[in-house]
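Listed in Swiss-Prot:
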- GLY122, THR123, HIS124, GLY125, LYS126, THR127, THR128: ATP binding site (BINDING)
Amino acid sequence: MTTDQLPAELERVHMVGIGGAGMSGIARILLDRGGLVSGSDAKESRGIHALRARGAQIRIGHDASSLDLLPGGPTAVITTHAAIPKTNPELVEARRRGIPVILRPAVLAKLMDGRTTLMVTGTHGKTTTTSMLIVALQHCGRDPSFAVGGEMGEAGTNAHHGSGDCFVAEADESDGSLLEYTPDVAVVTNIETDHLDFYGSADAYVAVFDAFVERLAPGGALVVCVDDPGAAALARRTAELGIRVLRYGSGPHGQAPSGEPLAATLVSWQQQGTEAVAQIRLAGEQQHPLVMRLSVPGRHMALNALGALLAAIEIGAPTEAVLDGLAGFEGVRRRFELVGTAGGSAPSSTVRVFDDYAHHPTEIAATLAAVRTLLEQSGGGRSIAVFQPHLYSRTKAFAEEFGHALDAADEVFVLDVYGAREQPLAGVSGASVAEHVSVPVRYLPDFSAAAEQVAAAAAPGDVIVTMGAGDVTLLGPEIVTALRVRANRGAPGALR
C-alpha cells in the first residue's frame, strides 16, 4: 500500500547542497509529497530556480542562520557526505541544536517505503538504464516515482513523485551508499574497478555489489548483464546464495559465456544514424526474435535497454508495451547528447558536436565506438575527442587506460584534470593522460582557449565529442559557436 504521508522527521527539512543532482531530486519529491523544504548551495543553478518555483526557500552561500529559513526550523537536516564537509556552518549549527543530520541515501530509502523498489547500479550505464526503465514503465501506465542521476529528456527532470506503486532509482556505488537500500529488483549493468579513492582496493569495490545484492527483499531478483566479466561473476555468486538471477547479454544460442541460460538475448544490433534496431529473444519464447527500436546509438545502449526490459517484465509490465516505451526514449542529458552542428545540412558537409558523461576508460571506448559507427554510416569524416579527466586519484590510477581508450579517435585534445572534491596530486595532470595517446594529441591546460583550438581542427563531416564528468560540458556550446564563426568568416581549417 502506498501513501503520500511523509515520516515525521521529513516534514520540514533543510538541505545542505540542495542544487546537486541527487539532492535536488530528493527536494522535488519531498515538495510533491507536501513537505516544507529549505536549502543552501554555493551557487545559483537552473535546478535551484525550479525548486524555488515549487516553494523551496533557498539561500546561496552557507551560514548557520539558514536553518531559520523555515518557520520553527527544520525537523531534520539532509546532506551528502561526499560533497559537504562536516565543518559546514549549517551542519555545525544543526548538531548544536540537536537537529538530526541525515544523509541523502537514508532519506531516499525512507521515501521508497511501501513501494515496489527497482534499483539500477553498476560502474557504467546506471543513469541511462534507470531512465530507460522509468520511461518504459510510464508508457505502461504505471506512473512510477523515481530518482535518477541525470536529467531525462522526456520528463525534463531527475525526480518525480508518482501515483503508482513502484519506485525506480539509481543506486550509487561510488561511496557505498547503495547499502542503504532493500530493493525488490536490482539491475547490475557491469562491474569494473573504480572509485579507488574511497574503496582503496579492487576487491573492496567488487565486494560492495555482493553486499548490495544480499540486501534484496525476500523473493527479489537480480537482473544482470553477463557480457561483462565482473557482473557475470556476481551472477554466479548470487545464484549460489539461492537468490533468483535473470541474466541478459549477447551470448550465442541464448546462453551466457559460462553456459547459463539467458533470460534475454541481444541477437543482433544495427545502428542507423543516431538510432538503432536490435533483434532480441526472451527465454521460453520460440517465435521469431522481437524487434527493439531505440533512439539512442551504441551497442551498449541496446544492452542497457535489455536490462530495463527484463526489470519491467519482472514486475508485470507487458513486453510489447515496454518495447514501445523504449522506442520513445529520448536519452539522458550528457549521454551522447547532440549539442549542435555547424555547416551544411548533410552529414558530409557539417560538423556535429556531442557531449557525453564518459569519465572511465570503458565508457570512453563505448562512446567512441558509437561515434565511429555514426561516421561510417554518414560517409566518412574524422572523430575528434575532447577529454577532461575527472579526479586526480582516478587520473593517476587510469592514465594509461585513458590513453589507450582515446586511441579510438582520430584526433584527441586532453584538458587539465577537473579535481572536484580532491586536492591536486603532484605529477598528475591532463598531460599524464596525453602521454599515453598514440594518435595525434594535444594537451590543453588553458580551458578558456580550448574551444577555438578544437574548432580550428575540425573539417566538414567530422564529429567532435566532449567527454568527462566535470565542467567540460560547458565547452560543447562554445565549440559550436567557434565553428559557426569560422564558417561565416571563411576561416581556413574549419568547414572549408
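From the backbone N, Cα and C atoms, a Cβ is placed for every residue, glycine too.
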Quiz item: In the same chain, outside GLY122, THR123, HIS124, GLY125, LYS126, THR127, THR128, whose C-beta lies within 8 angstroms of the Cβ mean position for the ATP site?
Solution: VAL120, THR121, THR129, THR189, ASN190, ASN304
Quiz item: Where does LYS126 (ATP binding site) sit in DSSP terms: helix, strand, or coil?
Solution: helix
Practice problem: Starting from each candidate's C-beta and looking 10 angstroms out, tell me which of the binding-site residues THR127, THR128 has the most other C-beta atoms. | Solution: THR128
Exercise. May I ask which residues of the same chain, at least 6 positions away in sequence, place their Cβ under 8 angstroms from the Cβ of THR123 (ATP binding site)?
Key: GLU173, THR189, ASN190, ILE191, GLU192, THR193, ASP194, GLY230, HIS360, THR362
Quiz item: Given the binding-site residues HIS124, LYS126, which one is most crowded in terms of C-beta atoms within 10 angstroms?
Solution: LYS126
Quiz item: Around GLY125 (ATP binding site), which residues of its chain at least 6 apart sit with Cβ under 8 Å of its Cβ?
Solution: THR189, ASN190, HIS300, LEU303, ASN304
Exercise. Across all the protein chains here, work out how many other Cβ atoms are within 10 Å of the Cβ of GLY122 (ATP binding site).
Key: 25
